[in-house]
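Novice: This is the structure I have questions about; it appears just below.
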Amino acid sequence: MSSEMLPASIESPNVEEKLGTSDGEEERQEPRVDAGAEPISKRQLKKLMKQKQWEEQREQRKEKRKEKRKRKKLERRQLESNSDGNDRKRVRRDVARSSLRLVIDCSFDDLMVLKDIKKLHKQIQRCYAENRRASHPVQFYLTSHGGQLKKNMDENDQGWVNWKDIHIKSEHYSELIKKEDLVYLTSDSPNVLKDLDESKAYVIGGLVDHSHHKGLTFKQATSYGIEHAQLPLADFVKMNSRKVLAVNHVFEIILEFLETRDWQEAFFTILPQRKGAVPAHKACESSPQDHQSLPEGWDSASEGESCRDNPDSPQKDEQGQQSSPVLQ
């Protein structure tokens with residue numbers, strides 16, 4: 001009788017579950033995403049565990065950024081309370097201006113639809129605002145300004161004509177800055193930027209939705225015979241999403257680096273949390289095949305993604321719809 005019951009008991013789901021976790025084989029158990037999914041390897045499981053740990057620390061990182069903003073705000077108030085009445089000018093005089101030139105190249109105007117032009121406009125607004133409040137503001141250039149971008153700014157942001165501490169030019173950057181001073185920031189460059197030379201002018205491609213024009217900024221840099229480089233993102237960060245940085249991502253990372261002289265701190269202060277960024281030294285080791293499966297290199301162009309919590313009020317487009325916070 002017992003021999004007849006034995007096959008039925010072996011086929012029981014409960015017994016199968018116990019067998020799968022017995023004899024020290026817990027580590028060999030292969031979790032599945034769903035009933036029809038492929039089994040997950042131990043290495044992939046380890047990566048998922050690392051990511052889970054990173055996600056669990058999300059609030060802690062968010063609080064740290066909030067505390068940093070509060071501390072800076074308190075420092076400004078203390079400066080103002082100790083001033084002689086000319087508070088704002090007093091604070092601005094304490095800023096250590098950088099001689100580094102940061103250029104947004106707007107020569108891709110005819111390659112973008114109006115929706116992307118509006119995104120670029122918002123990113124430029126963010127760059128301007130961040131540079132105005134930075135401890136080490138850069139010499140900000142907006143070149144090849146015209147076409148759809150200028151028209152959109154005229155219609156939706158007429159105050160841009162009164163912007164201060166910015167050079168808005170219709171000329172191409174190659175007509176304004178010496179060739180030997182230029183460095184184009186592009187993900188396709190084989191050169192990795194290790195430090196910033198404040199005598200140089202770093203160019204950011206003002207191109208939204210660059211996936212339709214892959215390698216365009218690199219081709220432009222080589223055609224003009226100027227230096228090119230990419231930020232050392234891969235040395236400090238591993239991301240589980242597309243490695244695409246918006247214009248103001250790049251701009252703000254450079255501002256942060258000028259203040260901290262720490263690339264990793266700059267990346268993790270600026271990069272949006274939803275990109276799943278993890279410090280490179282904390283990410284588990286992966287095989288060359290894993291690297292090949294990662295998304296292709298980041299670029300200074302964007303798809304209108306937003307970064308850290310934006311303290312500024314959201315902008316509205318022509319239809320009166322609230323847009324995402326600006327970044328890049």
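The backbone N, Cα and C atoms fix where each Cβ goes, glycine too.
Feature annotation from Swiss-Prot assigns region 'Disordered' to 1-91, 281-328. Residues or ranges marked as phosphoserine in Swiss-Prot: SER22. Taken from Swiss-Prot, the feature coiled coil applies to 43-83, supported by sequence analysis. The compositional bias 'Basic and acidic residues' annotation in Swiss-Prot covers 52-62, 305-319. Among the features that Swiss-Prot reports, compositional bias 'Basic residues' is placed at 63-75. For 88-278, the entry in Swiss-Prot reads domain 'SAM-dependent MTase TRM10-type'.
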Novice: How many of the residues that make up the compositional bias 'Basic residues' (63-75) does DSSP mark as helix, as strand and as coil?
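Specialist: In the compositional bias 'Basic residues' (63-75), the DSSP-based counts are 13 helix, 0 strand, 0 coil.
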Novice: What mean pLDDT does the predicted model reach across the domain 'SAM-dependent MTase TRM10-type' (88-278)?
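Specialist: The average pLDDT of the model in the domain 'SAM-dependent MTase TRM10-type' (88-278) works out to 90.
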Novice: Within the compositional bias 'Basic and acidic residues' (52-62), how many residues are helix, strand or coil going by DSSP?
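Specialist: Summed by class, the stretch gives 10 helix, 0 strand, 1 coil.
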